[in-house]
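Trainee: Under the heading [4Fe-4S] cluster 1 binding site, Swiss-Prot lists C34, C39, C45, S273, citing sequence analysis as support. The annotation [4Fe-4S] cluster 2 binding site is assigned in Swiss-Prot to C60, C64, C67 on the grounds of sequence analysis. Residues or ranges marked as domain 'Radical SAM core' in Swiss-Prot: 46-262.
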Amino acid sequence: MKSKPDWLKVKMPTGSAFYEMRNLMKLHKLNTVCEEAACPNIGECWNKKHATVMILGSTCTRACAFCNVASGIPDKLDPHEPQSLAKAVSSLKLQHVVITSVDRDDLEDGGAGHFVECIEEIRKRDSNVTIEILTPDFLNKHDAIDKIAKAFPDVYNHNVETVPRLYAKIRPKARYFHSLYLLKTIKQKNPRIFTKSGIMVGLGELKEEIYQVMDDLRSADVDFIVIGQYLQPTSKHAVVDRYVTPEEFDHYKYVAYSKGFLMVASGPLVRSSYHAEEDFQRLKKNRAAMYT
């Protein structure tokens, strides 16, 4: 594994708020993608009491080459998880919550109904909490999109992850154009939902391919693009082709804004839910500015 440049080095997580978050997640038996995916920003986010909760168990039915989440035979659904999540959100007095999940190809609706239950339970306790969901692709789950659109999350996020040329190597069980279809259809069914998608760089993609992904996402009416450095979790995962410089990330940000995105987050350590609450407020302001 290649040694990381200085701009990718982060401090070990510490602090009372960090341990409070960890203990609360354990108390409510909740998984977080922060831990399962070994996110480099966990210390910063948890000290701000920001966390991305991972529902539908901790075992994924796929084994993407970039992802550190365990794969195999998935857990049984916890019918109490939506209520446990709502209690945790209330205990932490969160104003914005991000919910993601493993892929659940074994479930008839891919877990879409469980997402809906989580949204409903949180809003029962506090209708002012804003909710962002980061979902799998619900491939061949025909009712999933309708369920999600009707539930009306404030932000709908689904990551395309990489350029289409690399899908066979990096995301072999997914389909690039299905992901675009999913994002576009959610927006068509409920135009008030903000849509968001992310891509990793440093996997061997070309700049021109990144620009094409930007164009494809804008054609799907995606509001917000996230661009971050791929980091190899273990020796068994896809190898980092190169470390993209901060200056290159700034260039991608400039290009993305020029293509019409309402929001762009681009940087070496940027991840899908990094600064999610602050970015949601900026999204609202940027949309409002379009109509003034």
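FYI, residue positions are counted from 1 along the chain as it appears here.
Note: Cβ is positioned from N, Cα and C throughout, glycine not excepted.
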Trainee: Averaged across the domain 'Radical SAM core' (46-262), what pLDDT does the model get? Just tell me the whole number, please.
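Mentor: Per the prediction, mean pLDDT sits at 92 for the domain 'Radical SAM core' (46-262).
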Trainee: In terms of DSSP three-state secondary structure, what is the assignment for C60 ([4Fe-4S] cluster 2 binding site)?
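Mentor: Looking at the DSSP assignment, C60 ([4Fe-4S] cluster 2 binding site) belongs to a strand.
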Trainee: Please report the distance from the Cα of C60 ([4Fe-4S] cluster 2 binding site) to the Cα of S273 ([4Fe-4S] cluster 1 binding site), rounded to the nearest angstrom.
Mentor: 19
Trainee: Could you give the Cα-Cα distance between C67 ([4Fe-4S] cluster 2 binding site) and S273 ([4Fe-4S] cluster 1 binding site), in whole Å?
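Mentor: Distance between the two Cα atoms comes out at 16 Å.
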Trainee: Would you list, in sequence order, the residues of this chain other than C60, C64, C67 that have their CB within 8 A of the centroid of the site's CB atoms, where the site is the one recorded for [4Fe-4S] cluster 2?
Mentor: R62, A63, F66, N68, V69, S71, V102, D103
Trainee: Take the C-alpha atoms of C64 ([4Fe-4S] cluster 2 binding site) and S273 ([4Fe-4S] cluster 1 binding site) and report the distance between them in angstrom, rounded.
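Mentor: That separation, Cα to Cα, works out to 19 Å.
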